[in-house]
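J.: Quick one: the structure is below, and I'll ask about it shortly.
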Ligand code: PMP
């Protein structure tokens with residue numbers, strides 16, 4: 001029986017995507033060949049790559065606005081490094097907002113490239129909120145932020161107004177909510193949350209910000225090289241990209257980001273309302289910054305842990321243990337998670353209250 005999968009990533013994808021991807025492993029497009037055994041230069045796969053790149057831009061509302069979409073490898077962690085390589089000038093400066101483990105990982109990778117200014121950090125408060133009062137140096141080569149903090153369960157609800165290029169790690173909330181994506185000059189996201197299996201990263205970049213650093217960039221690190229080669233500089237992650245395309249098609253058929261946003265808001269409201277109502281539970285972040293993707297919470301009394309854990313497991317729930325670095329619980333409610341699964345979790349929380 002299919003579990004209620006609240007995993008933080010890799011995570012649940014739409015059932016029809018699993019089925020179509022499985023079929024393509026056996027026979028891709030009726031070719032008599034598996035998608036895993038054809039050349040990435042085969043016109044059938046080139047068409048997949050072209051459609052995936054175009055559809056990513058279309059869903060973000062960025063078609064015809066000077067952006068390029070790439071599907072590269074190395075995870076979002078590789079983009080922590082590619083971003084300063086491609087955007088920080090020699091003797092330049094970059095500004096970063098530190099909102100969690102992944103944001104601080106990005107900062108670490110930027111430091112060897114030049115002056116790396118942390119404009120604000122919520123680390124002293126264990127990343128329980130998103131800093132809002134800060135200024136971005138006008139001479140920074142770019143500003144980097146993390147839209148959703150997968151581990152700590154916070155999400156940026158607004159973004160600063162700035163004249164410097166804005167870079168955003170959207171790994172855990174891409175395609176989940178409407179934003180004016182044209183405010184960003186570079187967006188990146190590992191596929192393994194709202195898009196596909198692990199193995200590829202979507203990068204959406206405004207071409208005009210590239211080529212200005214004055215530094216020699218190795219080809220594999222160079223966004224311009226990847227754009228020129230139409231995201232096929234090296235063998236792309238064919239299966240991860242095909243499966244991502246299936247998810248993007250699913251999202252488009254559903255009505256796009258605006259439609260899924262409504263569902264995501266309903267799911268998050270259902271769970272947060274119960275966390276706030278039920279005296280046995282407490283949220284871990286300030287309310288205004290709560291993530292609609294990853295809800296983090298604790299039991300008010302840890303003595304109830306064994307009972308609660310046995311109850312949610314018996315209800316067919318999987319993947320709600322908090323990240324190993326913070327403990328507690330984390331329910332990830334990505335695009336493909338049905339609201340029925342959230343209801344099952346809420347029912348277990350209510351049942352615990354009845355039992356105690
Ligand atoms: N950024 C964020 C917001 C993440 O959630 C993660 C991983 N879950 C990463 C970066 C790192 O991604 P990857 O493992 O693909 O390198």
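Keep in mind that glycine also has a Cβ here, set from the backbone N, Cα and C atoms.
Keep in mind that what you see is a predicted model, and the values were worked out from it rather than measured.
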J.: Please pick, from 15, 23, 192, the residue that TrEMBL records in the pyridoxal 5'-phosphate site together with 76, 77, 102, 150, 169, 234, 235.
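T.: Candidate listed by TrEMBL for the same site: 192.
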J.: Rounded to a whole angstrom, what is the C-alpha distance between residue 150 (pyridoxal 5'-phosphate binding site) and residue 193 (N6-(pyridoxal phosphate)lysine)?
T.: 10
J.: Near the Cβ of residue 169 (pyridoxal 5'-phosphate binding site), how many other Cβ atoms are there if near means within 10 Å?
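T.: I count 29 other Cβ atoms within 10 Å of it.
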J.: Reported as an integer number of Å, what is the Cα distance between residue 192 (pyridoxal 5'-phosphate binding site) and residue 41 (L-glutamate binding site)?
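T.: About 24 Å separate the Cα atoms of these two residues.
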J.: Select, from 41, 76, 77, 193, 234, 235, each of the recorded positions with a Cβ positioned under 6 A from at least one atom of ligand 1; if none does, say none.
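T.: What lies within reach of ligand 1, judged by Cβ under 6 Å, is 76, 77.
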J.: Which value does the mean pLDDT take for the domain 'Aminotransferase class V' (5-345) in this predicted structure?
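T.: Reported value for the domain 'Aminotransferase class V' (5-345) is a mean pLDDT of 97.
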